[in-house]
Amino acid sequence: MAREKIVVAGGSTKSWKLLLGLRVFAFMATLAAAIVMSLNKETKTLVVATIGTLPIKATLTAKFQDTPAFVFFVIANVMVSFHNLLMIVLQIFSRKLEYKGVRLLSIAILDMLNATLVSAAANAAVFVAELGKNGNKHAKWNKVCDRFATYCDHGAGALIAAFAGVILMLLVSSVSISRLLINSKHLSTTATTTAVV
């Protein structure tokens, strides 16, 4: 008995499993980045001035909401996580459905848009993290990470997860585009075969 190759949802079962696995990992990476950054907060009491020998202390809090780039980072990672979760659910529950060109095209476009979105958010957050770590002597912005080390470490962890999400979303986009190309070749050969018959 010869084994038949099962074609599922615009590609082979191998590409279906690969895409599902990549989406699951991209979902976990972007969700982890969003959660770590959204819970990133550190409060410290610091000496802000000295009058004579009397130190004046203030309690300062570093949190992600203070920086618009970090807020964008959290929102973008949540949006990409939601997109991946939705695509995972659709991929699992509509496995038997035949994907036509428009549906595959819209999925590929959404994947590319989400890869761009998470990349932009991660790069904006890296820019602000660099300012927090090293400051800017020309603008007279002091560094923050020497005082809020835990805050900066958590932010670095979120950035690592986000860049893993960027790489995974680029791979998801590549697989989505290849499935679209395979489907269009399959449709064109089917149309040619029917036209000849």
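Just so you know, glycine gets a Cβ as well, placed from its N, Cα and C.
Topological domains recorded in Swiss-Prot put THR13 on the same membrane side as ARG103. Broken down by DSSP into helix, strand and coil, the topological domain 'Extracellular' (39-69) contains 5 helix, 21 strand, 5 coil.
The transmembrane segment (70-90) shares the most Cβ pairs under 8 Å with 18-38, out of the stretches 18-38, 107-127, 157-177. Sequence-remote contacts of a segment are chain residues at least 6 beyond its ends whose Cβ falls under 8 Å from one of its Cβ atoms, and for the topological domain 'Extracellular' (39-69) they are 124-125, 127-128, 144, 147-148, 150-151, 154-155, 158. Through the fold, the transmembrane segment (107-127) approaches residues 30, 33, 37, 69-70, 72-73, 75-77, 79-80, 83-84, 87, 155, 158-159, 162-163, 165-166, 169-170, 172-173, 176-177, 179-180 of its own chain, all at least 6 residues removed from its boundaries and within a Cβ separation under 8 Å. For the topological domain 'Extracellular' (128-156), the number of residues in each DSSP class (helix H, G, I; strand E, B; coil) is 15 helix, 2 strand, 12 coil.
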